[in-house]
Amino acid sequence: MIYYKTEAEIALMRESALLVSKTLAHIAGLIKPGITTLSLDKIIGEFIRDHQAEPAFLNYKGYPFNSCISVNDVVVHGFPDKNELKEGDIISVDIGTLKNGYYGDHAYTFAIGDPGDDVMKLIRITKESLYKGIEKAVAGNRIGDIAYAIQEHTEKKHGYGVVRELVGHGLGRSMHEDPQVPNYGRKGIGPVLREGLVLAIEPMINMGKKDVYTEEDGWTVRTVDHKPSVHFEHDVCVRKGKAEILSDYSIIEKVEKANPNLYTKD
Ligand code: MF3
Ligand code: CO
């Protein structure tokens, strides 16, 4: 069942998505070598509650933390822990909020110090692929057009591995609504996009092979070849002519660039 949102609902979803962006911007200023992902997770939970919202991942299907923080070869759903971050690590921080009955859910990958040119390129290409997917999120197109654009830019053009087991999704009064949004596939297939459909588009792109496995904890998804993986996610509203991005990377990027511990060039 696909739900199309009214303008009033989209306004609330924009608020929820923006709170995720603000939370990501807040922690972008705190990331440094020596800090633990568990301490970032605590700050994330407090920041969200301070803004009249709930951390949506906590207790979702039993998930035990406020956020997912996925380091290096962890693709997604990494558990925050007491290990200290170090120079050369990359971390995807994925955050969900529930505010006024609507979910925000998006993610950003940061580089701590210089992880090397190859990894910086993987980060750049994955972020670019997200925007190439978003360009296709316009009324009249199909889900397959988004999927194809992401796969084309990452796998076909640069030889990276596109994760098959996990996909983007509709977003609204539930965190995972129809339709699924794969990061691979053929153009022209799948559900038709109509104005008011809100999607979480989230390429998960591996430096090496596409294969992943889930650890014993039931959550942590890792690359089989243990090469790094990058994850970016935006909340997007399908519109006529041009998609509207409800989340906002510009406020995150501003803090990221100003933090000397974070690497932003490649
Ligand atoms: N961005 C993730 C997703 O769309 C968030 C779910 S993580 C969970 O699946 F912890 F909440 F399950
Ligand atoms: Co998501």
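Cβ atoms here come from the backbone N, Cα and C positions, even for glycine.
Here is what TrEMBL records for this protein:
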type: BINDING; residues: HIS77, HIS176; note: substrate binding site
type: BINDING; residues: ASP94, ASP105, GLU233; note: divalent metal cation 1 binding site
type: BINDING; residues: ASP105, HIS169, GLU202, GLU233; note: divalent metal cation 2 binding site
type: DOMAIN; residues: 12-239; note: domain 'Peptidase M24'
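Positions of the features from TrEMBL, shown on the structure.
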residue: HIS77; record: substrate binding site; Cβ neighbours (10 Å): 23
residue: ASP94; record: divalent metal cation 1 binding site; Cβ neighbours (10 Å): 23
residue: ASP105; record: divalent metal cation 1 binding site; Cβ neighbours (10 Å): 25
residue: HIS169; record: divalent metal cation 2 binding site; Cβ neighbours (10 Å): 19
residue: HIS176; record: substrate binding site; Cβ neighbours (10 Å): 16
residue: GLU202; record: divalent metal cation 2 binding site; Cβ neighbours (10 Å): 26
residue: GLU233; record: divalent metal cation 1 binding site; Cβ neighbours (10 Å): 23
| field | Pairwise Cα distance for ASP94 (divalent metal cation 1 binding site)/HIS77 (substrate binding site) [Å, integer] | value | 8
| note | Whole-Å Cα distance, GLU202 (divalent metal cation 2 binding site) to ASP105 (divalent metal cation 1 binding site), is 10
| query | Checking the binding-site residues HIS77, ASP105, HIS176, GLU202: which ones have Cβ within under 6 Å of ligand 2? | reply | ASP105, GLU202
| Around the divalent metal cation 1 site recorded as ASP94, ASP105, GLU233, what other same-chain residues have a C-beta within 8 angstroms of the site's C-beta center? | VAL20, CYS68, ILE95, GLY96, HIS106, ALA107, ALA200, GLU202, HIS231
| query | C-alpha of ASP105 (divalent metal cation 1 binding site) to C-alpha of HIS176 (substrate binding site): distance in Å? | reply | 10
| request: Going by Cα-Cα distance, pick out whichever of the binding-site residues HIS77, HIS176, GLU233 is nearest to HIS169 (divalent metal cation 2 binding site). | output: HIS176
| message | Across the domain 'Peptidase M24' (12-239), what does the mean pLDDT come to, as a whole number? | response | 98
| note | Near divalent metal cation 2: residues not in ASP105, HIS169, GLU202, GLU233 with Cβ within 8 Å of the site Cβ centroid are ASP94, HIS106, ALA107, GLY168, LEU171, ALA200, ILE201, ASP235
| Rounded to a whole number, how many Å is the Cα of GLU233 (divalent metal cation 1 binding site) away from the Cα of HIS77 (substrate binding site)? | 13
